[in-house]
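As structure tokens, the structure follows; a few thoughts come after it.
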Ligand code: SAH
């Protein structure tokens with residue numbers, strides 16, 4: 001059966017390690033591959049597939065089999081068409097370039113870097129509306145209407161690093177530092193569990209007081225007592241530690257690249273090395289985490305091309321969760337007097353990321369909420385499908401202002417955003433709006 005429409009095939013391997021070994025093997029043999037989130041028909045949520053060109057399908061299959069890579073299935077990568085986009089626009093004032101790219105999206109073609117740049121640069125009202133509408137349709141197709149709600153606990157604001165933008169950076173002497181105890185953390189975990197949430201996010205500065213033993217202990221307790229999914233967001237750690245936490249049951253890891261512009265990355269992260277940060281992200285994927293990344297929009301000196309390359313990076317790295325937030329100047333930091341990131345550009349970046357990366361989790365970020373009370377609603381309408389509640393106890397919250405004036409993202413505001421965006425709260429949630 002030869003179908004001219006099929007340009008690529010998706011190979012589903014037997015496990016994450018088979019997938020990664022297989023991908024490397026094919027690349028070493030000169031076959032061009034990429035790792036992509038598998039469509040729902042072919043794999044569990046966020047499973048990763050190896051994508052190969054049609055011409056390379058047979059050769060790849062043979063190579064993999066000869067090298068004992070388990071193949072669960074090979075499926076045609078049907079273009080994800082969004083019919084009717086162009087027709088809908090016929091009466092609007094849009095540029096021919098915009099129309100061409102929209103046509104590509106409609107036909108399920110891959111976008112090139114220039115296409116992404118063009119979409120991000122668009123300023124015309126009709127074009128922006130079409131962009132958000134397109135992202136919204138893609139979101140509906142690939143992840144549906146339910147907004148996933150997760151609970152975050154910022155359990156320590158100690159940090160060994162001095163990232164220029166961050167409101168808990170090491171050299172902020174006036175900041176009162178805290179560490180929650182294991183029992184304090186568990187109390188919040190029980191609350192999240194009681195209201196029915198499935199995922200708890202443990203976030204902190206890079207605080208080595210939290211040794212592998214202490215982190216292991218908290219992971220084990222959460223798993224034993226609630227079975228909730230655990231997302232870690234604790235920064236850079238050795239591979240062995242990531243491996244240990246994964247073995248103990250941590251499911252997801254958020255480690256944002258922040259920017260893929262190497263010079264800018266190094267300027268804003270005096271303690272970090274760009275290649276090492278990418279390496280950490282690669283390890284996380286190798287270890288089988290759902291892999292979170294993301295960027296900050298509107299960093300001083302960042303260009304639209306940089307943002308376009310960030311989006312390509314998310315796609316090429318097979319990232320599963322992508323946090324895109326505007327730069328929020330934080331008091332007392334070296335970047336405090338730089339202008340805040342544009343909400344409009346952040347929303348465009350969310351929309352393009354949804355169109356390019358397709359079946360991924362994109363949160364309506366806290367940073368967006370903190371700059372615009374309607375920010376989360378707008379993000380949900382532009383491709384986002386996740387909300388992270390901030391559940392840090394009030395007495396600590398003030399000290400975890402990674403960006404100043406952080407708006408509270410609580411259940412009440414989540415209900416509001418989900419309702420305004422005409423979306424659905426997750427069925428697992430055990431509290432209703434009336435109980436707020
Ligand atoms: N220490 C952990 C957690 C970082 S805090 C780590 O390194 O991964 C979570 C996110 O907050 C960061 O990844 C960054 O993208 C965002 N952030 C911090 N300060 C910010 C600011 N001033 N403006 C916008 N986003 C910021």
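Keep in mind that glycine also has a Cβ here, set from the backbone N, Cα and C atoms.
Automatic, uncurated: that is what TrEMBL annotation is.
Just so it is clear, the model here is predicted, and its values are computed rather than measured.
As written in TrEMBL, here are the features:
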DOMAIN    145-365  domain 'Radical SAM core'
BINDING   159, 163, 166  [4Fe-4S] cluster binding site
BINDING   233, 277  (3R)-3-methyl-D-ornithine binding site
BINDING   258  S-adenosyl-L-methionine binding site
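Location within the structure of each feature annotated in TrEMBL.
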| residue | record | Cβ contacts under 8 Å, 6 or more apart |
| --- | --- | --- |
| 159 | [4Fe-4S] cluster binding site | 166, 168, 169, 170, 204, 205, 206, 207 |
| 163 | [4Fe-4S] cluster binding site | 169, 268, 269, 270, 271, 272 |
| 233 | (3R)-3-methyl-D-ornithine binding site | 152, 201, 202, 203, 204, 253, 254, 255, 292 |
| 258 | S-adenosyl-L-methionine binding site | 265, 268, 269, 294, 295, 296, 299 |
| 277 | (3R)-3-methyl-D-ornithine binding site | 236, 255, 257, 265, 269 |
Exercise. Other than 159, 163, 166, which residues of the same chain sit close to [4Fe-4S] cluster? List them in sequence order, counting a residue when its Cβ is within 8 Å of the Cβ centroid of the site.
Key: 161, 162, 165, 167, 168, 169, 170, 205, 206, 402
Quiz item: Which binding-site residues among 163, 166, 233, 277 have CB under 6 Å of ligand 1?
Solution: 166, 233
Self-check item: Per-region confidence, the domain 'Radical SAM core' (145-365) (mean pLDDT, whole number)
Solution: 97
